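Chemist: Quick one: this structure, given as structure tokens, is what I'll be asking you about.
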């Protein structure tokens, strides 16, 4: 951000504090909005007493321990307004000067890490943590990322969107962004299978906290088209226990249906053997027997 | 327990929200990227209560136009990125005020037509996410602008039909779980293009009427979910389009919507005793319109605009 008169600095001091907390703990894996009265309780749970509180004012607005970040609901409105304002300014700056940076990179002229670009990334991160469905911010990141060719940039994006999902598990824009990242990875890198497995585990853990989350389970179904048959069978076995404990979760059973259909699809592919067909039949029979068991055990949940 | 629609309170609630310039509440700050949708919900509710004259038409229309992007699409707010979601709302708002003539129809329709994919589906914007909601939006919007011939309607319809599930419902893409919101979009698109014969009306009607909760009378969006006022629109309009609305208990649903009003401050929430918002206020009033509640103007179940507005569009030019 440009240095301005001190009144301007004061105006964005909240945002600066927020971004400083984010920079000083790059391993934050969970974010939430909490009422300031809960800060003391959280401190107690973390084993801190009042005397050890740093007196810089940050403690009453942001709570950060064990890589968890709590943002006080008292400052949310102002912080969100500031973050949006600063982000949109940075985006404007990037769009008008961004081309100059691209050119110097092409000509191999060394230029310090493009300030406009890093500002857009920094401020879009802030705004999305507070307002996860702000599509323009996700688009700005896509625009910048589509010019990158190192895998780490994309895996870092998966980390950020995972963090945002910890607070907003139903955010459609966030799930959509993840799909875009995975598509980009699949086009340029070969580490897809491991990423797919981790994605699936992420959905299961979110599904535990946010029941029948349509967006999350739709995402998991979408992943199936990128899975190998071995992965599909693994998924079917791994998710069976969870499904048995959540028989009222129709999204979960819809997912199993998707997996089963994928197995059938594979039989229509050239080169599938009689063994494959027998395996498939065995899997289908097992599933039906197990479904029957569940229907008998949990009367009223047949749907 | 409420026994009537407190229209006057809802009017005040909406006008206050639209006039909120400083944006002090968290909800309005976090929602400001979809202000165009919010404006459509608020204004259509006013139109259904015959109070559209309470807002400044010039102010609204000029703000809507500041949200148009050079690509022809509209954004959720000034300076944001365009998306079909906001483009439809913008066109619907202009239709409410009978101001479609100020649009460069070629530009807007090209933006939308350009988002159709090879398989007939539609992306929401240049970043490529596909969803049957976007199919509905494209078809609804181009129909209002009378430019349906700019897209491949047959492929669009075939893609939607490929999203039909075994339970008769529709999801956001082929094989996705049936969801009342997605069903509304698919059925609405098929209705507008004259393809309702591709729906298994009895099967779907059964799935839809099962959404009604016996206790509260409210409707949910999928099995095992809680009832929510917004499904009074999505489930109900779908049932009306496939001519199966007599399969639900209307009186109980009316009661559920009325009980979800904030009788003091106006506005409607997702279910009784929860916080109100503009989204549920619109769907509650729209639902009451479909249930022929007295004092509420008739709404078209496919276009989600008052019938007199749609008639004006269809019977001119």
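Heads up, the Cβ atoms here are built off N, Cα and C, so glycines get one too.
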Chemist: Need one residue: from B:179, B:197, B:280, the one Swiss-Prot lists with B:228, B:230 for Zn(2+).
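Modeler: My reading of Swiss-Prot gives B:280 as the candidate in that site.
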Chemist: For residue B:228 (Zn(2+) binding site), just give me the three-state DSSP call.
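Modeler: It is coil.
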Chemist: Below 8 Å Cβ to Cβ and six or more residues apart, same chain only. Which residues does that give for residue B:179 (geranylgeranyl diphosphate binding site)?
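Modeler: Long-range Cβ contacts: B:169, B:170, B:171, B:172, B:221, B:222.
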Chemist: Which ones, out of the binding-site residues B:179, B:223, B:225, B:230, B:234, lie near enough to chain A that their C-beta is under 8 angstroms from one of its C-beta atoms?
Modeler: B:179, B:223, B:225
Chemist: For a three-state summary based on DSSP, what are the helix, strand and coil counts in the repeat 'PFTB 4' (B:153-194)?
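Modeler: Each residue of the repeat 'PFTB 4' (B:153-194) counted once, the result is 22 helix, 2 strand, 18 coil.
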Chemist: Output the one of B:223, B:225, B:230, B:234 that, of all these binding-site residues, has the highest number of other Cβ atoms within 10 Å of its Cβ.
Modeler: B:234
Chemist: For the C-alpha pair, I'd like the distance in angstrom between residue B:234 (geranylgeranyl diphosphate binding site) and residue B:228 (Zn(2+) binding site), rounded off.
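Modeler: Each residue's Cα considered, residue B:234 (geranylgeranyl diphosphate binding site) and residue B:228 (Zn(2+) binding site) end up 11 Å apart.
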Chemist: Taking helix as H, G and I and strand as E and B in DSSP, count the residues of the repeat 'PFTB 1' (B:7-50) in helix, strand and coil.
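Modeler: Breakdown, helix to coil: 35 helix, 0 strand, 9 coil.
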Chemist: For the recorded Zn(2+) site formed by B:228, B:230, B:280, which further same-chain residues have Cβ atoms within 8 Å of the site's Cβ center?
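Modeler: Surrounding the site, in chain order, are B:229, B:231, B:232, B:269, B:270, B:271, B:279, B:283, B:284.
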Chemist: Going by DSSP, is residue B:234 (geranylgeranyl diphosphate binding site) sitting in a helix, a strand, or coil?
Modeler: helix
